[in-house]
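Here is the structure we will look at.
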Amino acid sequence: MLAMHNAIHCARRSTRAVIAPLVALVYQTNVRADAPLNYFLHADGPAATPTMRLGWALAALAVVVALTVTGLLVAAIMRRRPPPAERDAAHLQAEGGGMHWVWIGTSISSVALFVTLAYVLVTLESVASPRKTPELTIAVTAYDWWWKIDYTRTNRGEAGVTTANEIHIPVGEPVKIELRSADVVHAFWVPRLAGKTQTIPGVVNEQWIEADRAGVYRGQCSQFCGAQHAHMAFEVIAEPRPQFDAWYAAQALPHVADASVNAGAKLFLDRCAGCHAVRGSDASGTQAPDLTHLNSRRLLAAGALPNTASNQLDWIRHAQRIKPDALMPSIALSASDAAALSAYLRTLQ
Amino acid sequence: MTEHAATPAPLQRTLTIGRIEPGSEQERRLRELWETPPGWRGWLSTVDHKRIGLRYLVTAFAFLIAGGIEALVLRVQLARPDATLLTPEQYNQLFTMHGVTMIFLYALPVLSGFSNYLWPLILGARDMAFPRLNALSYWIFLFAGLFLYASFPFGEAPNAGWFNYAPLAGLTYSTGPNIDIYALGMVLLGISTTVGSMNFVVTFLRMRAPGMSLDRVPVLVWGTLTASGGNLLAVPSVSLAFFMLWLDRRIGTHFFDVLNGGRALLWQHLFWIFAHPWVYAVVLPAMGIVSDALPVFCRRPLVGYLPVALSTVATMVVGFVVWIHHMFATGIPALALSFFGAASMVIAIPSAVATFAWIATIWTGRPVFRVPFLYFAGFVFLFVIGGLSGVLTAAVPFDWQLTDTYFIVAHLHYVLLGINVFPVIGGIYFWFPKFTGRMMSEKIGRIGFWILFAGFNIAFFPMHIAGLLGMPRRIYTYAPDMGWNTVNMITSIGAFLFAFGVLVFLWDFAYSLRRGPVAGDNPWDAPTLEWSTSSPPPPYNFAIVPRIASRHPLWEERISGTMRSRLTEGYVLDQGREALGTTALDGDPDVILKMPEDSYAPFWLGVASLVFFSGLALTAWWLAAFGLAACGAAIVVWLWPRRELGQRDDTAHPRESGATS
């Protein structure tokens, strides 16, 4: 027993030692302040890069065609004609003429379209499925208005991991994402890694992502899903395989009770456990994010806030102000209760 | 056999060919026959297509203004990050009503207004084929519009988007009346669209003036005909979908309920099978307006009438196999997607035909830069941009990024405002003299155009950028560090500039209504039949039935060809409200149609339907039953046999009156 306990502590400490600087690093270098969802200038994986190049080609084509046709339109309007004095107001041009314009213009447009179509189909083929079969499958279930992440099947026969709003993947490996919905239609979208796929009740959709380099990639629900559609974000954290394995091992561990925060733990069980789970405790709610390793996550409330102790309390007390109509209620807490609960939450490493 | 032989020979009446001079006794009689009585009685009972058409236009513009105000409130909210002007619920209701209003209560009805007013005048007919159905179509449109807004003042407006995906729109996630109002309102509106479309199709087939064969029909008619045919095939899908949704919500069926064997995805199919053809229905008639009116200002007939007319129809045909491009992200296998993506690209080809035809018309013509020309030329520019961004969204893998971002919002506004609103305002400047007998202001018109054109591009072009920067649609606010602050501020400024341009237009409209210079019959020297009537046209439209010999009856003498239409001498139809029915293909005279008098039945049938649907919305079954019975009563009164509508005058000379000339 004791040995196992020690091992757990050891594993946790070492993971923290690895993750903390890594997280700090990627936070500084990879979350670009300019448009984290920008997929037109940034693509970081084989499911996104061919699409980005296609987008550039299409945009270039569109600009060229728009300029050409606008040029023709302006030239048609402005071109020099007989001076007004020689014009007879009642004179009309004959019906014929001009048809070659239509044929030439339409023919060129059609050829351009079919070439574009060929390029589109080639790109579709290359991003529709990964070149090698993914070893890792992650089940993502969309809820109003957050994401449940389950690592159910791995090739290593490890225990499952459940977390929320933060997906960790190993760099350079294709990962299969199984998409479900617990309520309404949402859409899973990590713009820099892949296009979007709806999560539809009663249907299991699939998509794949792969990151070329370590980093934090923001994701967002893109299908209107009700009141808090705007704040239904998540992050994909790509890290080298060893760090990923360490993270996984740490996440697989249950929470270990800490007697010094018993008051907070009791409060949690009374007020929070109906919806939230902490594996290793009696809290086993399933309608809200699993909080077993709450403090290992970068963000809070589906990407709405940085995950700090003060934001945690703020969220608990003012959830309805921060995300109106979200399913998390604003919970009134006395100062002492708040301190106790906060102390307990700090143990959810 | 014997019975057959006993039936009378085909009823014949030898039609007189003659002239009816303005101001003559005969002309006064015609006017009395066709005139709607003044006052509220005439207002409720008229079946005159011109009055119905103007009502459509005015009502649609009222809804445009409502939808525009909603948009401005949304733009204030989105101008800056983390704004709190609106709660998420208020935002969701406003963006839903903005979409519903613009797409259903403005975009098609405004075109129905033009077509209702113009079709009989363009086709040389005295009215639509079914004048009372025409009145019904308007009343139900009006009542459905009011119905859809009924819950708005109570803060319970539809709030699941105009696309209204199940199960978000199901009872589990939306318990209030919001979605019931939307579902039932759409079924009610579908009745209006359906009867209106039937009327256009039959009018096209049977009411064209003699000699107006299919290749002499103006392009606006092709546009509206195509839109109507599309609607007849597409509206049943959405009416059914909304009715099924209402059944799920209030009767307990499980069409979209996954837990009980229903399919959530079914909604998306049923909705988009309708909604994509609908997008073409709200642009093709507007493209027709441009194809007919732009050449007037180029002083030449349209280049490529036949390809343009054919591409109009082709667009709608292909338009029925592209609905999946709204659903590329639903997990449909890549092979199927490549088919629908290809179809969505191919549909750009007919658009290219029309674009080059318009440009060629300008190039080879001698353009006169009047206000309508500015709107039509501006339209061509916006159409090109909207079409190109459409090609981008048809590229399946790229659409996986673009869909549900502001890029799509930009695209659809370039398409719907560019191809609908610009031709519509240009069309109003063009036909205002026909509607009212007065001209709108050239000076204010120019100022208004440039404000609208600049405001439109400032508002909507940056939305492309916002979309490429990853901004999703339908979010009520956004964080300041997402990189979207600047584009949103620019868009909001542009939106207000655009709204100011609309005000300038409305001011010109209101001012010119009273003070505009008198127009005369044909102020633009335009070629089509409506310009041969007085401005505004007399209640009977044409004193005699004109005979058409070409596509541009008023220009024949000045452009080559020896065929001459006859506009002042023709069949005299003056024994009651009569119109001439012609054959479907060649437009040969076929039958004399007895047209109905003004009638209250359409109004009361509309009211009764409103009562029925209100009963369903309130789940007050007694009220619904009462409404249904009232509908039945109104239909009985409507269809009650009346001697003057019979094709046989069997009171006096059984063999002299009736069909076939």
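Note that Cβ sites are derived from N, Cα and C of the backbone, with glycine treated the same way.
All TrEMBL annotations are machine predictions without curation.
Summarising the annotation, TrEMBL assigns domain 'Cytochrome oxidase subunit I profile' to B:28-549.
The transmembrane segment feature in TrEMBL is assigned to B:54-74 (among others). Sequence-remote contacts of a segment are chain residues at least 6 beyond its ends whose Cβ falls under 8 Å from one of its Cβ atoms, and for the transmembrane segment (B:54-74) they are 85-86, 91, 94-95, 97-98, 101-102, 105-106, 109-110, 112-114, 116-117, 138, 141-142, 145, 149, 421, 428, 435, 495-496, 499, 502.
Per TrEMBL, transmembrane segment is recorded for B:94-114 (among others).
The transmembrane segment annotation in TrEMBL covers B:135-152 (among others).
Among residues of the same chain six or more beyond the transmembrane segment (B:181-205), those with a C-beta under 8 A of the stretch's C-beta atoms are 96, 100, 104-105, 108, 112, 115, 119-120, 123, 125, 128-130, 133-134, 136-138, 140-141, 143-145, 147-148, 150-151, 156-158, 160, 164, 169, 217, 221, 224-225, 227-229, 231-232, 235-236, 238-239, 242-243, 245-246, 249, 584, 609-610, 613, 616-617. Summarising the annotation, TrEMBL assigns transmembrane segment to B:181-205 (among others).
Annotation comment: TrEMBL describes B:217-246 (among others) as transmembrane segment.
Here TrEMBL flags B:266-290 (among others) as transmembrane segment.
Annotation comment: TrEMBL describes B:302-324 (among others) as transmembrane segment. Away from its own ends, the transmembrane segment (B:302-324) comes close to residues 215, 217, 219, 222-223, 226-227, 229-230, 233-234, 269, 272-273, 275-277, 279-281, 284, 287-288, 291-292, 294-295, 332, 336-337, 340, 343-344, 346-347, 349-351, 353-354, 356-357, 360-361, 364, 551 of its chain (Cβ-Cβ under 8 Å, at least six residues beyond either end).
Taken from TrEMBL, the feature transmembrane segment applies to B:336-361 (among others).
Under the heading transmembrane segment, TrEMBL lists B:408-432 (among others).
The transmembrane segment annotation in TrEMBL covers B:444-469 (among others). Outside the transmembrane segment (B:444-469) by six or more residues, the chain places 371, 374-375, 378, 382, 389, 402, 405-411, 413-414, 417-418, 422, 425, 429, 482-484, 487-488, 490-502, 504-505, 507-508, 511 with a CB less than 8 A from a CB of the stretch.
The transmembrane segment feature in TrEMBL is assigned to B:489-507 (among others).
Taken from TrEMBL, the feature transmembrane segment applies to B:622-640 (among others). Distant neighbours of the transmembrane segment (B:622-640): 132, 599, 601-602, 604-605, 607-616; these residues of the same chain sit at least 6 beyond its ends, with a Cβ under 8 Å from one of its Cβ atoms.
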(request) Report, as numbers and ranges, which residues of the same chain sit near the transmembrane segment (B:94-114): CB under 8 Å and 6 or more residues beyond its ends. (result) 53-61, 63-64, 66-67, 70-71, 73-74, 86, 137, 141, 145, 148-149, 152, 157-162, 164, 182, 186, 189, 193, 196, 220, 224, 227, 231, 278, 281-282, 285-286, 289, 416, 420, 424, 427, 431, 474
